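One structure is given below, encoded as structure tokens.
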């Protein structure tokens, strides 16, 4: 089996830093690339990223703002928001060697092109071997070494297996699959549905309503996934159902907290949630393929200003009675 002893994490935000810590804990030689010299200086001087306060990082992590140097690792983890992936990949392109594994750690669909994240990689970095890491995980939990399980997908099963062994440890448990599209869909779609869950929580509709909404959201996720070629077991697994449950039930999720602010009629948090960017393109795809997604469509319409939050709730509650499925 191929081993990946050196790993570079491209992106020194909370999630990138957490993954760097997990990889270092797994015994890999880790380089963490970031553009903010202040963040890198804090990590180098104090062993702590200001975006993960109170969490001590592994001393072996090396930080750098030299992208060319970072690209020399055996495997790369690309940890940037979906709408910035193309720009990051273009910057990486001159420096990445042929057949380098590129593990994308983003959840979304590119606006304008409707491309999933590995499709962007195939277009911009055709010399790499793309993979995707996704699942129910918060940066602080992973950084602290709390038990977390995720899914790692690559089209080549030997690559997926090798990466699983390279990144995995007693605290971070990756499960491998070749269903790349299924993992991409789970991560992208649940972000939009989590906004709906946050709205329900913000409107104080009750635990019963939140449970019903999450369940019906899963039905939408499954419909969309199967229509787009995902495997049923992937959508019902960690990167689908698992991630949906986590982000529909925790204020640690930016999508959930964004929805809560909408439900309360408050100004949304400053940081952009992936679901905000994904919602309109998700509905474009759903409409083009005649996939019924009333919850996701209500979210997209609220975000577009076409309807109010209350109107969206009323529309969902006024839908015709039907058989479950």
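Glycine too: its Cβ is placed from the backbone N, Cα and C atoms.
Record features, source Swiss-Prot:
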type	residues	note
ACT_SITE	190	active site, proton acceptor
BINDING	15, 35, 107, 139, 254, 272, 274	NADPH binding site
BINDING	107, 135, 137, 190, 243, 253, 254, 255	sn-glycerol 3-phosphate binding site
Given residue 253 (sn-glycerol 3-phosphate binding site) and residue 272 (NADPH binding site), what distance in Å do their CA atoms have, once rounded to a whole number? 11
Hey, of the binding-site residues listed (139, 272), which one tops the CB count within 10 A? 139
If you measure from the C-alpha of residue 243 (sn-glycerol 3-phosphate binding site), which of the recorded positions 139, 190, 274 fall inside 10 Å? 190
Note: in the chain of residue 190 (active site, proton acceptor), residues six or more apart in sequence with C-beta under 8 angstroms of its C-beta are 107, 217, 221, 240, 243, 244, 247, 248
Do any residues at least six apart in sequence from residue 255 (sn-glycerol 3-phosphate binding site), in the same chain, have a Cβ closer than 8 Å to its Cβ, and if so which, in order? 191, 192, 194, 195, 198, 247, 273, 274, 275
For residue 137 (sn-glycerol 3-phosphate binding site), the spatially nearest of the binding-site residues 15, 35, 254, 272, using Cα atoms, is 15
How many neighbouring Cβ atoms, not counting its own, are there within 10 Å of the Cβ of residue 135 (sn-glycerol 3-phosphate binding site)? 23
So which of the binding-site residues is most packed in, judged by how many other Cβ atoms lie within 10 Å of its Cβ, out of 243, 274? 243
Where's the emptiest Cβ shell within 10 Å among the binding-site residues 35, 107, 254? 35
For the sn-glycerol 3-phosphate binding residues given in the record (107, 135, 137, 190, 243, 253, 254, 255), what is the largest pairwise C-alpha separation in angstrom? 15
Would you mind checking how many other C-beta atoms are within 10 angstroms of the C-beta on residue 253 (sn-glycerol 3-phosphate binding site)? 24
Reported as an integer number of Å, what is the Cα distance between residue 15 (NADPH binding site) and residue 135 (sn-glycerol 3-phosphate binding site)? 13
For residue 272 (NADPH binding site) and residue 135 (sn-glycerol 3-phosphate binding site), the CA-to-CA distance in whole Å is 20
